[in-house]
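Here the structure is laid out as C-alpha cells; the discussion comes afterwards.
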Amino acid sequence: MKILTADQIKKCDSATIENGISSINLMEKAANACVDWIQVNFKQAKRFLIFCGQGNNGGDGLAIARLLYEKGFDVEVFIEKNQMKFSADAEINFKRLKLIKGIDINNFSDVLIVNNEKSVIVDALFGYGLNRELSNDFKNLIEKLNQIPVPKISIDIPTGLYADKINEEESAIFKADFTLTFQFYKRSFLHPETGKFCGKIEVLDIDLNSKFIDEVKTDYFVIDGSLIRKIYKPREDFSNKGSFGKSILIGGSYGKIGAVLMSTLSALRTGSGLTFTMAPECGNLILQSQVPEAMFIGVGEKYVDDIEVQEKAVYGIGPGLGKEKQTQKALFDFLKSYQNPMILDADALNILAESQNLNLIPKNSVITPHPLEFERLFGKTQNSFDRIELAKEKAEELQIFIVLKDHHTAVITPERKVYYNITGNSGMAKGGSGDVLTGILTSLISQKYDIEKACLFGVWLHGKAGDLAAAEFSEESMLPTDLINKIGEVFQNLS
Ligand SMILES: NC(=O)C1=CN([C@@H]2O[C@H](COP(=O)(O)OP(=O)(O)OC[C@H]3O[C@@H](n4cnc5c(N)ncnc54)[C@H](OP(=O)(O)O)[C@@H]3O)[C@@H](O)[C@H]2O)[C@@H](O)CC1
Ligand SMILES: [K+]
C-alpha cells in the first residue's frame, strides 16, 4: 500500500472529486465510514463528545455528530464559537447539524471533566491540513482532553501530528486510543516519536481515485497482506531438498550459542532445504541435540575463528558471533574472498562499524541493524525520520538493503524505496527476536526469493508469527522461540 504525503492526498481528493463525487458527498462517505466503524466497536458507548475544527477535518466531525445522533447516541459538539470560519463543506455540515434540536453545540471552553465511563471523545480538530504548530489555546484544549479518562478516537490524524514529518518542538498532541484514517497510512503513524499518539490504526476505504493512486509516485509504502500474497511462492511438487536452497548460519560464541541456534531453527521453519550452522565447537552438542535437522560445521573452540566458503549457499552471519580478534579477522577474510549477497546482523555489523570498512559488504546484501547498530554504522541522527533519510542514502551508496529494526521495521532498498512493516508487537522487543529474523531472511533468499521480496516477506512473516505468539502467550510472556513455532501457522494461513 502506498503512503502519500498530505499534499498528494489533497491532490488525490481533487482527482476523486473531478471524477464525479462532490466534495460534500465525499465528506459524507468519510463520515459514514467512521460511524459504521464506531457502531461496531463502541456499541456500549452512550455519549460522544465531538471536538471540531474549522477545516474539513472539523467538517467530518460535524457530519459524524449528526450521523451518530441519528443512530440513537447522545452527542455533544464542541467548536470555537467566536472565531469560527468554517471551510465550505464544514459550513454545510454545521448548518445541517443546527437543524437537529437534540445536539448541544458548546464552546471549547465549556469542556468539563467527564467521568462517565460510557462517554467517548472524538477529535476532529485538525487532519492532514495542519501546517504549523498549534496555538496555545489549542494546546491547552488538547492537554485538557488528554487528561480525561475516557476512550478517545481521532478522525484521520491525531490533532497536533503532521501527516509526514516530525513536530519541530515539544507539541501538545491528542493522544488517541484509535485513529480512523482515510484510505492511507500516514508516515507519522509509523515512527516511534509520533506513532505513539495514534493508538490502534484503522484504515477506512473511501474509494479515492484508484487511477491517481496507481500513478502517483512515492518512495514510501506499507507492507500489507495483499503484497505478501503476491510475493509468496507455494512449494512446488516434484521437488527435493536441493530445490529449496542451502542456508548457512554463522555465529555463536561461548555463552551465546542460543542466538545462532534460534537463527538456524527459524531458517528451517521458513522452509530452507539444507541448513548448516557454522559455529564454535562448544556449540556442537547443543546444536545437534536441539536442532537435529541442521548440520554442524565447527570453526574454532569457543568462538568463530574461520569462515568456510561453500558453493551455492546463502550466508546469514552475526547472531551471537562476538567480536574476538580472530572472529574479526575471519569475517574480513571471508568478505574479501566472497562477493555474493548475504545477510549481516548483530556482531557482524558491530565489527564492520568499528572498522568502518563498509565497502566490504557485497552488493545486494541485507543488513539488519536496530537503531543503535545503525548509529554505530552510519552515525547519529536527530530522530527516526532523519534516520530513514540517512538509510536511503546509504542503501543507495552501498547498493544494499537495510532492514532497520524498530517497532515498525522498515526495509530500505538501493533504489531508496522505504517499506514499513505493520505486523508485530512489543512482545518481540526481547533478545533473540532479531536472530529469528536473520534465519528467516537467510532461508527465503536461499529459496531464491528475489532479495527485495525476501526482505518484505521476511519482516512481515516475522511480525505475523510474533502476533500469533502474543495472542497465545501474551506480549509479556511470549518468547522468540514461541515465535519460531508460529511461523508454520502463518504459512498455513497463506496457502
Ligand atoms: N481524501 C481524504 O483523505 C479526505 C479527507 N477529508 C478530511 O479533510 C481533512 C483535511 O482537511 P483540510 O485540508 O481542510 O485541513 P484541516 O486539517 O481540517 O485543517 C484546516 C485548516 O486549518 C489551517 N491550519 C493549519 N494548521 C493550523 C494551526 N496550527 N492552527 C490553526 N489553523 C491551522 C489550515 O488553513 P490555513 O490557515 O493554512 O489557510 C488548514 O487548511 C482530512 O484530514 C480529513 O479529515 C474528508 O472530509 C474527505 C476525504
Ligand atoms: K483529528
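Even glycines carry a Cβ here, placed using N, Cα and C.
In TrEMBL, annotation is done automatically, which means it is predicted and not curated.
According to TrEMBL, the protein has these features:
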- 9-214: domain 'YjeF N-terminal' (DOMAIN)
- 56-60, 127-133, D156, A259, G320, H370, D435: (6S)-NADPHX binding site (BINDING)
- N57, D123, T159: K(+) binding site (BINDING)
- 224-494: domain 'YjeF C-terminal' (DOMAIN)
- K405, D406, H407, H408, T409, G434: AMP binding site (BINDING)
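Taking the features listed in TrEMBL, we show where each one sits on the structure.
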{"residue": "N57", "record": "K(+) binding site", "Cβ contacts under 8 Å, 6 or more apart": "A124, L125, F126, G127, Y128, G129, I155, D156, I157, T159"}
{"residue": "G59", "record": "(6S)-NADPHX binding site", "Cβ contacts under 8 Å, 6 or more apart": "M27, C52, F86, S87, D89, A90, I92, N93"}
{"residue": "D123", "record": "K(+) binding site", "Cβ contacts under 8 Å, 6 or more apart": "F51, G61, L145, K152, I153, S154, I155, P158, T159, F174, A176"}
{"residue": "N131", "record": "(6S)-NADPHX binding site", "Cβ contacts under 8 Å, 6 or more apart": "Y162"}
{"residue": "H370", "record": "(6S)-NADPHX binding site", "Cβ contacts under 8 Å, 6 or more apart": "L404, K405, D406, G434"}
{"residue": "H407", "record": "AMP binding site", "Cβ contacts under 8 Å, 6 or more apart": "P192, G195, G424, S426, A429"}
{"residue": "H408", "record": "AMP binding site", "Cβ contacts under 8 Å, 6 or more apart": "L190, H191, G195, Y420, N421, I422, G424"}
{"residue": "T409", "record": "AMP binding site", "Cβ contacts under 8 Å, 6 or more apart": "V403, Y420, N421, G424, V459, G463"}
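D123 (K(+) binding site) falls within a strand segment according to DSSP. Under 6 Å, Cβ to nearest atom of ligand 2: this is the test, and of the binding-site residues N56, D123, T159 it is passed by D123, T159. Within the same chain, residues at least 6 positions away in sequence whose Cβ sits under 8 Å from that of N56 ((6S)-NADPHX binding site) are M27, S87, D89, A90, G127, G129. Among the binding-site residues D123, N131, D156, K405, H408, G434, the residues whose Cβ lies under 6 Å from any atom of ligand 1 are, in sequence order, N131, D156.
Close to the recorded K(+) site, the chain also has F51, G53, G58, G61, A124, L125, F126, G127, S154, I155, D156, I157, P158, F174: residues not among N57, D123, T159 whose Cβ is within 8 Å of the site's Cβ mean position. In the structure shown, across all protein chains, D156 is the one of the binding-site residues D156, D406 with the greatest number of other Cβ atoms within 10 Å.
Take K405, D406, H407, H408, T409, G434, the residues named in the record as contacts for AMP: the widest Cα to Cα gap among them comes to 13 Å. Mapped onto three states, the DSSP output places N57 (K(+) binding site) in helix.
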